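Written below as structure tokens is the structure these notes are about.
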Amino acid sequence: MDRYCVFGNPIAHSKSPEIHAAFAAQTGQELTYEKRLAPVDGFAAAVQAFIAEGGLGANVTVPFKLEAVKLAQALTIRARAAGAVNTLHFTEDGIVGDNTDGAGLVADIVNNAGVPITGKRVLLLGAGGAARGVVLPILEHRPAQLVIANRTVATAEALVEQFAALGGEGVVSACGYGEIEGAFDIVINATSASLSAELPPVSASVFVPGSLAFDMMYGASPTVFLQFAGQHGARLRDGLGMLVEQAAEAFSLWRGVQPATADVLQSLRAKL
Ligand code: NDP
């Protein structure tokens, strides 16, 4: 049986085995996918042990996404742009590092929520690992504007410097929360504020009726950010679809088959 796994610490909460098992059943692929708790100081050894056992690929989650960049012998363009790896592919030529998080976010917004990014004004809140991973996939869809707002403005400015040339003249810009101007078609919360039930200090005026408010976090009840956005007329979307879509992208990289995601997302949602 072909073997895959997800490495993280902690890892008990991971839904990835359930998602990949559903994809395998749906596409008739014979494989196993397990959770592996790697010691905080033992990620590389855990990956090498899995390869020695015959593992063909792995997902990587907190706190190992940066270490996985160093471990990979080759990086895809999007992994290099993100500076983080969430998917490893063990090939005859060595370990290839990819990043499917950004493609997952874009697929969920464009295909599942049915909101095109092309020509739209997009506001990205946060400039940490998750935000950095989504900038390139968003720019590939040619938004009219991408504003990156962060508490620490210098981090957002560094992102703009990295990606400005790709976006086109004046498309990508950085600012602090107090300097955000106008309303946006899509507002993405890529901060970790939701983890501590905090609201990034964004003004209600960024939303207009019909704006899409997206929080990368997911859970049984809406985050404070989604509650706030909902009170100001936005359509709401949490990060569960992104999770399923990033998994689909990894599955397709490993197996060469693109799984359908709607039923898997619906069944995960029912269990939240
Ligand atoms: P990082 O620690 O790398 O970055 C955290 C970001 O949040 C920084 O921009 C930080 O700002 C900002 N921040 C933290 N607290 C606050 C606050 N109270 N108010 C305003 N800004 C704040 O985290 P990640 O980028 O790795 O993760 C961010 C989120 O994305 C997490 O909730 C994670 O679970 C989620 N995620 C979801 C995925 C999915 O598939 N659905 C995939 C990947 C991530 P500053 O720079 O000023 O400190």
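Heads up, the Cβ atoms here are built off N, Cα and C, so glycines get one too.
Under the heading domain 'Shikimate dehydrogenase substrate binding N-terminal', TrEMBL lists 6-88.
Counting every protein chain shown, 28 other Cβ atoms lie within 10 Å of the Cβ of ASN86 (shikimate binding site). Annotated shikimate binding site per TrEMBL: SER14, LYS15, SER16, THR61, ASN86, ASP101, TYR218, GLN246, in sequence order.
The feature active site, proton acceptor is assigned by TrEMBL to LYS65. In this structure, LYS65 (active site, proton acceptor) belongs to neither helix nor strand by DSSP; it is coil. For LYS65 (active site, proton acceptor), the count of additional Cβ atoms within 10 Å of its Cβ stands at 23 [all protein chains shown].
Taken from TrEMBL, the feature domain 'Quinate/shikimate 5-dehydrogenase/glutamyl-tRNA reductase' applies to 117-194.
Positions annotated as NADP(+) binding site by TrEMBL: GLY126, ALA127, GLY128, GLY129, ALA130, MET216, GLY239. Same-chain residues at least 6 positions away in sequence with a Cβ under 8 Å from that of ALA130 (NADP(+) binding site) are, in sequence order, ASP101, ALA190, SER192, MET216.
Sequence annotations record features per position, and here TrEMBL assigns domain 'SDH C-terminal' to 239-269. Mean pLDDT of the predicted structure over the domain 'SDH C-terminal' (239-269): 98.
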Exercise. Near ligand 1, which of the binding-site residues SER14, ASP101, GLY128, ALA130, MET216, GLY239 have CB less than 6 Å from any of its atoms?
Worked result: ASP101, GLY128, ALA130, MET216, GLY239
Problem set entry | LYS65 (active site, proton acceptor): nearby binding-site residues from LYS15, ALA127, GLY128, GLY129, TYR218, GLY239, Cα cut-off 10 Å | GLY129
Exercise. Where the distance is taken from Cα to Cα, which of the binding-site residues SER14, LYS15, ASN86, TYR218 turns out closest to GLY126 (NADP(+) binding site)?
Worked result: TYR218
Problem set entry | Inter-residue Cα distance where the pair is LYS15 (shikimate binding site) and GLY128 (NADP(+) binding site), in Å | 23
For this session: For the domain 'Quinate/shikimate 5-dehydrogenase/glutamyl-tRNA reductase' (117-194), jot down how many residues DSSP puts in helix, in strand and in coil.
Result: 32 helix, 18 strand, 28 coil
Exercise. Within 10 angstroms of the C-beta of GLY128 (NADP(+) binding site), what count of other C-beta atoms is obtained when all protein chains are considered?
Worked result: 15
